[in-house]
């Protein structure tokens, strides 16, 4: 059922406002279009830094400034407990398994389009809106998630876990725009955030050193760094600090090509490294994935063709997907891929339509798993 039939003046939209330019323009455009707009600032993390400065305070002040400029009510809502339980705990659990998680995917699924969506519905909202570069449309009896028009900013990779019900209640007013156009609108409207820099990185780490941050929550277990033929190359600081294909921070000197992480032995706490960017051990023919979520109807049959991304801003890769027993997928690549990373998302597309995604368990070549080596 298409839920977008009411006139704007009869429709209440709650906008997730972060204090950035994208969500500011989102609220501004909806107000200009005649919607009843409410701005909500989500406080998901106690992000006071070592000097006692809380970046959320500055961000909320920017939300207040923009909300007052465009004439909408605003509130702050605390989702710290939900974020800890659903996102941060998952983040730590994945690192314990030697994987590299993507908390942004989980945050969208569990916080922005669940806890926040539920809160908005209790306020009487018809929709929630965010400043994501994506599009939500109703076609052929389904609510579909489409890529943002700005291919460099498209964020469907991070929205791959959204369900039909979540997409049905979502609005992405800047999804049909280029980033430069969004900035221009903000500047012409003289919004307080018009010249504010985009935030980058994981929200709860911010500008802090990643190793120092993670070590506050997980005890590091240093161990041996070896080649696959058993030559010791040094010591690692803890397997959780390293990801497939990583080059920097290994501390291996000498002549010749750089060294890269090619695998882990979790049981014996060994990090495997080999030399050369194009080392064969970094390339795989496919991957196994689990925790599958389809944004729309799952493609028919137990095998289908589509394209996929294995990291944000990657060019789409043609793949063949086979549905295995036990809720797993076998994703075979048309062309070999480098440094596939367990814990990250594999996201599937049919043209501009995001079909859904899953969590990468491991990569394989000639039927042999590559990452977790005994």
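Here the Cβ of each residue, glycine as well, is placed from N, Cα and C on the backbone.
If you look up Swiss-Prot, you'll see 107 marked as active site, nucleophile. Summarising the annotation, Swiss-Prot assigns active site, cysteine persulfide intermediate to 203 and lists sequence analysis as the type of evidence. What Swiss-Prot lists as ATP binding site is 16, 17, 18, 19, 20, 21, 22, 23, 42, 131, and the listing cites sequence analysis. Among the features that Swiss-Prot reports, disulfide bond is placed at 107-203. Annotation source Swiss-Prot lists site 'Interaction with tRNA' at 132, 344.
Mapped onto this structure are the features recorded in Swiss-Prot.
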residue : record                                        : DSSP (3 states)
16      : ATP binding site                              : strand
22      : ATP binding site                              : helix
42      : ATP binding site                              : strand
107     : active site, nucleophile                      : helix
132     : site 'Interaction with tRNA'                  : coil
203     : active site, cysteine persulfide intermediate : coil
344     : site 'Interaction with tRNA'                  : coil
List, in sequence order, the same-chain residues at least six positions removed whose CB sits under 8 Å from that of residue 20 (ATP binding site)?
59, 62, 131, 193, 196, 198, 199
Counting only other Cβ atoms and using a 10 Å cut-off, which of the recorded positions 18, 107 scores lowest?
18
Sparsest Cβ surroundings (other CB atoms within 10 Å) among the recorded positions 42, 203:
203
Neighbouring C-beta atoms (10 Å sphere around the C-beta of residue 16 (ATP binding site)):
23
Could you check which of these recorded positions, 18, 22, 42, 107, 203, sit within 10 Å of residue 132 (site 'Interaction with tRNA'), going Cα to Cα?
22
Cα-Cα distance linking the residue listed as 'active site, cysteine persulfide intermediate' and residue 22 (ATP binding site), given in Å to the nearest integer:
16
Round to a whole number and give the Cα-to-Cα distance in Å for the pair residue 16 (ATP binding site) and residue 203 (active site, cysteine persulfide intermediate).
15
Neighbour-count leader, CB within 10 A, recorded positions: 22, 132, 344:
132
Do you know offhand how many angstrom separate the residue listed as 'active site, cysteine persulfide intermediate' and residue 107 (active site, nucleophile) by C-alpha?
10
